[in-house]
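K.L.:
The structure under discussion is supplied below as structure tokens; questions concerning it will follow.
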Amino acid sequence: MKKLSVRRRHPLAALVVLLFALAATGGLYAAFAPAKTAQADSSSQSIAIEEGKKLYATGCSSCHGPGGQGSTDGPSLVGVGAAAVDFQVGTGRMPAQQPGAQVPKKQPIYTQAQIDQLAAYIASLGPGPGIPSKKQYDPKGGDIAAGGELFRTNCAQCHNFAGEGGALTDGKYAPSLRGVDPKHIYEAMLTGPQQMPTFPDTTMPEKAKRDIIAYVNDTTRADNPNPGGFSLGRLGPVTEGLFGWIFGLGALIATAVWVAARTAKARKS
Amino acid sequence: MSSQDTPEENLPAEPPHGTDAEIAPSDALVPDPGLPPHLPRRQDIDERAAKRSERAVAGLFTLSMLATIGFIAGFVAIDVDKIIYVWPIGHISALNFTLGCTLGIALFAIGAGAVHWARTLMSDEEVVDERHPIEAPPEVRQRVIQDFRKGAGESQFGRRKLIRNTMFGALALVPLSGVVLLRDLGPLPGDKLRHTLWAKGKLLINQNTNEPMKPSDITVGSLTFAKPDGLEETAEDFQEQIAKAALMIVRLEPEDIKDKRELEWGHEGIVAFSKICTHVGCPISLYEQQTHHVLCPCHQSTFDLADGARVIFGPAGHALPQLRISVNSDGYLEALGDFTEPVGPSFWERG
């Protein structure tokens with residue numbers, strides 16, 4: 001000990017201490033870092049929350065505030081629930097690329113495991129709707145006809161009767177429901193992302209939501225028949241009229257011009 | 001009785017004389033080039049080509065006949081529910097596709113055959129047929145005017161003014177009977193436009209569940225549609241009644257509500273508005289929960305549900321009527337009366 005204390009004022013002492021400190025940090029990190037793989041099999045809720053908190057701090061806190069309390073750039077996330085996180089991050093809407101009338105859907109940048117960790121962290125901030133189970137949103141269990149009725153009462157005004165989406169005010173819009181994961185449809189009804197109103201279980205029971213998902217799933221599937229032929233976006237008489245006037249009438253005019261432009265004379269003049 | 005009694009305005013105007021000479025062609029500045037020389041078509045010279053054209057036209061007409069037979073056969077044979085895949089259209093009804101194609105071919109082949117016939121086989125020599133004047137010759141005109149004057153004089157129409165005036169009166173009044181009959185087109189609306197099924201004590205029934213609602217069921221940001229208690233979807237007049245009584249229920253934070261009356265007429269921030277746009281009556285429920293705006297899909301009228309459903313954009317004339325609601329002794333939401341103003345679009349006597 002004496003030797004150490006004698007050399008404590010040595011010019012290189014500070015460097016030695018620094019090296020020791022770095023080695024200790026690195027060693028500790030090396031010891032605990034494999035915890036990442038260890039976490040995957042340990043389903044401990046608190047570890048998920050811890051990991052989610054780290055992901056949150058890097059990816060979300062600049063807009064939603066360091067503790068999820070919200071800022072001028074993003075709303076408070078206290079009490080939005082795991083379902084909201086799973087929807088927003090799972091559809092790629094969050095993290096948002098840029099401010100605007102509406103945050104569009106894009107390729108998600110987090111894995112489902114990371115999304116679950118984020119959701120666990122946000123859920124720990126305040127009670128909110130949880131991620132639904134497969135049983136709740138599985139379209140197989142739904143009544144398509146009843147779902148159609150419910151869809152036309154509650155959803156069709158914005159999302160169009162065939163789920164094709166539509167415009168709202170000031171550049172906002174209701175997105176198309178084509179190809180949307182049933183889980184995300186369920187979560188959207190439960191949490192009301194962006195301008196969409198919520199449809200809580202108290203006013204729209206779980207069974208009604210499953211029926212609606214069954215209807216959307218059936219109507220928007222790629223091999224859903226269009227008995228009349230071209231669907232033209234299923235937007236109704238506007239596109240159909242436009243198509244008729246432009247292509248139908250255009251073909252007639254083109255044929256008439258073609259017939260009249262060709263002479264039947266033996267010697268072309 | 002003399003022709004002098006006939007008022008001049010009853011006679012056709014005398015046309016100016018001597019117009020015939022002016023119409024006649026004078027020395028035109030541009031000489032008439034006449035028709036171009038007639039050039040023969042192949043079918044005019046070559047009988048084999050004409051035969052080919054004949055066969056083509058007959059073939060088109062035959063194709064039309066076959067397509068019509070196909071149309072009838074398809075109509076009989078194909079099941080209405082049968083769906084087939086046709087590239088590039090997709091999954092479509094086999095019956096619709098068959099009927100459309102065969103009818104299209106049947107009509108097109110008739111048209112194409114007729115055009116081909118006219119262009120290749122019918123005579124294509126241009127002929128000139130001079131136009132004759134529309135005007136009658138002067139002696140005929142003279143005679144007609146004379147006959148008219150004579151008839152007017154003999155009828156004593158100009159002399160016996162009593163007959164003339166009563167006849168005009170009778171002719172003018174007769175159409176009135178037709179106007180009166182229009183009244184029988186249907187019953188008058190009465191005060192139907194001013195009243196809906198909502199009344200004091202009527203429970204608000206959730207259209208999704210057919211159950212009454214408690215205030216705790218309705219969360220901030222949610223959107224619910226309600227109908228008056230007792231109105232069943234199977235009722236004969238359901239559509240007629242829901243067209244007026246349709247209600248949308250939203251919940252706002254009470255401090256977000258800018259209009260004092262709106263807050264008073266709601267219950268802890270739960271407010272109920274008519275779902276019928278006040279412009280032309282479209283059902284309107286494109287609710288944006290963050291801005292509290294409701295957009296009408298027909299003409300983009302926008303209402304601010306945080307400010308008494310005031311019109312903030314579009315052609316609507318007045319705010320959406322609000323229904324006064326409260327909670328009854330069992331804790332369910334109920335109406336405190338009918339809408340205080342007519343719902344839906346304005347009408348002449350609305351006031």
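Placement of Cβ uses the backbone N, Cα and C atoms for every residue, glycine included.
Nobody curates TrEMBL annotations by hand; they come from automatic prediction.
Pulled these from TrEMBL:
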type: SIGNAL; residues: A:1-30; note: signal peptide
type: DOMAIN; residues: A:47-126; note: domain 'Cytochrome c'
type: BINDING; residues: A:Cys60, A:Cys63, A:His64; note: heme c 1 binding site
type: DOMAIN; residues: A:142-220; note: domain 'Cytochrome c'
type: TRANSMEM; residues: A:242-261; note: transmembrane segment
K.L.:
Helix, strand, coil: count each for the residues of the domain 'Cytochrome c' (A:142-220), based on DSSP.
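P.N.:
Summed over the domain 'Cytochrome c' (A:142-220), the classes give 40 helix, 5 strand, 34 coil.
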K.L.:
Could you tally the C-beta atoms, other than its own, that fall within 10 angstroms of the C-beta of A:Cys60 (heme c 1 binding site)?
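P.N.:
There are 24 of them.
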K.L.:
Applying the rule Cβ within 8 Å of the centroid of the Cβ atoms of A:Cys60, A:Cys63, A:His64, what extra residues of the same chain belong around the heme c 1 site?
P.N.:
A:Tyr56, A:Gly59, A:Ser61, A:Ser62, A:Gly65, A:Gly68, A:Ser71, A:Asp73, A:Gly74, A:Leu77, A:Met94, A:Pro95
K.L.:
Taking every protein chain in this structure into account, which of the binding-site residues A:Cys63, A:His64 has the most other Cβ atoms within 10 Å of its Cβ?
P.N.:
A:His64
K.L.:
Can you give me the average pLDDT across the domain 'Cytochrome c' (A:142-220), rounded to a whole number?
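P.N.:
For the domain 'Cytochrome c' (A:142-220), the model's average pLDDT rounds to 92.
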K.L.:
Tally the residues of the domain 'Cytochrome c' (A:47-126) by DSSP class, grouping H, G and I as helix, E and B as strand, and everything else as coil.
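P.N.:
Per DSSP, the residues of the domain 'Cytochrome c' (A:47-126) fall into 41 helix, 2 strand, 37 coil.
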